[in-house]
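> Features from TrEMBL:
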ACT_SITE  E218  active site, proton donor
BINDING   C104, C188, C286  [4Fe-4S] cluster binding site
BINDING   H133, H166, H216, S314, S315, N316, S358  dimethylallyl diphosphate binding site
BINDING   H133, H166, H216, S314, S315, N316, S358  isopentenyl diphosphate binding site
BINDING   H133, H166, H216, T256, S314, S315, N316, S358  (2E)-4-hydroxy-3-methylbut-2-enyl diphosphate binding site
Amino acid sequence: MADELLWADRPSIRCPGGGLLEGELRRRGVATARGPLYVDTDHAAAVALRAVLPAARGPAGLGVAATGQASSTTAAAVSAAMAAVLAVAGRPRSVLLAAPRSFCAGVERAIEIVERLLAQRGGPIYVRKEIVHNRHVVDGLRARGAVFVDELDAVPRGATVVFSAHGVSPAVRAEADRRRLKVVDATCPLVTKVHAEARRFAGQGDTVLLIGHAGHEEVEGTLGEAPERTILVQSVEEARRVRVPDPGRVTYLTQTTLSVDETAEVITELRNRFPALRGPASDDICYATTNRQDALRSIARDTDVVLVVGSRNSSNSLRLVELAERTGTPAHLIDDARDIRPEWLSGVERIGLTAGASAPPGLVDSVVAALGGLGPLTVGERETTRESIHFTLPAAVRRQS
Ligand code: SF4
């Protein structure tokens, strides 16, 4: 896979769209490696293909070579992958970026906590669950000495363990105490707020109807605050059916990363059934989730396809994909440029681009660069609000900075 096309007798040409070709090769079962491709070495290759396109910043290349040992199947796959990418290359397009997008304050804080611990105490630093739901972030921290575990029994007694941004139940905290672990809590303060509400309302004798998705770590943590008094409600349908001991003593709370529109429908249904329903003083769906959904709503109708940078287990990224689709615009979740399928760009002139709250901003830049490698690209941004929220770090990592 060419990062750059090199000739003996003329300037080299960079290949920013190479990620798309790499993804297409991998989907066709071809293992890839990236590097410069010398254009005069094709005599040694079973397949050596390259193209030079007019692109966003001068000419851009696409190049791929398979070694002399490549099977005919691999050679056919390489040719087909190149043809698939070239089929959508060379035409002008625009990218409209939604703003705000990418990291929120809670995610930045959680990542900084692990980074500071690694710098201050060295590895290994144990982290219960993924610190935030993003593959690139987790892989990057793992490479620097973070050890991600599913449960605390995988952490040696007395070691340092970080609780992820999604929060934990009291049972997990108690288990950490029993194992004498040094806990650093990276739970987002906005998740902590929901835990406090669950304790308060349950303590007042209410049944807490927690709107959220079963199995999500945040929901497991919040449910654990008052398990005997909390019922999970995942949909309007479940809101219609849920039974409570005393309809006059019911509170709703929500996961922080839900669809604003769908949650409003669930709450309306609950209110119809339980007129005395109480709720949190301020929305549990957090500012970052709300802002990213508002920003996406504003661009989705003006674009032909929407790409959402985020990982499959990122709740707020998945909600962005669903929101774009509800406005009638096809949308796709991508971990990075390699996940972009050429056929998504066929006949497409206007691409909407955003990223979930756990996706690094640099990934968005690399997607823009990859799209710019396919042909002339104009890039614009539509900002619906500006975020200035910042959360302070826990004292345990602040002290030693
Ligand atoms: S998405 Fe919201 S609740 Fe989750 S970490 Fe970010 S700010 Fe906190």
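For all residues, glycine too, the Cβ spot is worked out from N, Cα and C.
Remember, TrEMBL labels are computer predictions, not curated facts.
Model, not experiment: these values are computed from the prediction.
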> Provide the three-state secondary structure of the residue listed as 'active site, proton donor' computed with DSSP.
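Note: the residue listed as 'active site, proton donor' is helical by DSSP.
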> Which one is it: of the recorded positions C104, C188, E218, T256, C286, whose Cα lies the shortest distance from the Cα of S358 (dimethylallyl diphosphate binding site)?
C104
> Please state whether DSSP places S315 (dimethylallyl diphosphate binding site) in a helix, a strand or coil.
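The three-state answer is helix.
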> Please work out which residue of S314, S315, N316, S358 has the most C-beta neighbours within 10 angstroms of its C-beta, and give that one of the binding-site residues.
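Going through S314, S315, N316, S358 one by one, the largest Cβ count within 10 Å is at S358.
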> Do me a favour and check the Cα-Cα span between C188 ([4Fe-4S] cluster binding site) and S314 (dimethylallyl diphosphate binding site); whole Å is fine.
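Checking the Cα atoms of C188 ([4Fe-4S] cluster binding site) and S314 (dimethylallyl diphosphate binding site) gives a distance of 15 Å.
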> Can you tell me how spread out the (2E)-4-hydroxy-3-methylbut-2-enyl diphosphate site is, meaning the largest CA to CA distance among H133, H166, H216, T256, S314, S315, N316, S358, in Å?
15
> Using a 10 Å cut-off on CB atoms, tell me which of the binding-site residues H133, H216 is the least crowded.
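Ranked by other Cβ atoms within 10 Å, the binding-site residues H133, H216 bottom out at H216.
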> Please list, in sequence order, the residues in the chain of C286 ([4Fe-4S] cluster binding site) that are at least six apart in sequence and whose C-beta is under 8 Å away from its C-beta.
C104, G106, C188, L190, T256, T257
> Based on a Cβ-to-ligand 1 distance below 6 Å, what subset of the recorded positions E218, T256, S314 would you report?
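From E218, T256, S314, counting a Cβ under 6 Å from ligand 1 as near, the near ones are T256.
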> C104, C188: which of these binding-site residues has the highest Cβ count within 10 Å of its own Cβ?
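Ranked by Cβ atoms within 10 Å, first place goes to C104.
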> Including all protein chains displayed, how many Cβ atoms other than that of H166 (dimethylallyl diphosphate binding site) lie within 10 Å of its Cβ?
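That number is 28.
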> Compute the C-alpha separation of S314 (dimethylallyl diphosphate binding site) from the residue listed as 'active site, proton donor', stating it in Å without decimals.
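Taking the Cα atoms only, S314 (dimethylallyl diphosphate binding site) lies 11 Å from the residue listed as 'active site, proton donor'.
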> Taking the Cβ of T256 ((2E)-4-hydroxy-3-methylbut-2-enyl diphosphate binding site) as centre, how many other Cβ atoms lie within 10 Å?
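I get 29 for this one.
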> Inside 8 A of the center formed by the CB atoms of H133, H166, H216, S314, S315, N316, S358, which other residues of the chain have their CB, for the recorded dimethylallyl diphosphate site?
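So the extra residues in range turn out to be V132, E218, T257, N313, S317, G356, A357.
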> H133 (dimethylallyl diphosphate binding site) to E218 (active site, proton donor): how many Å between their Cα atoms?
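With distance taken Cα to Cα, E218 (active site, proton donor) is 11 Å from H133 (dimethylallyl diphosphate binding site).
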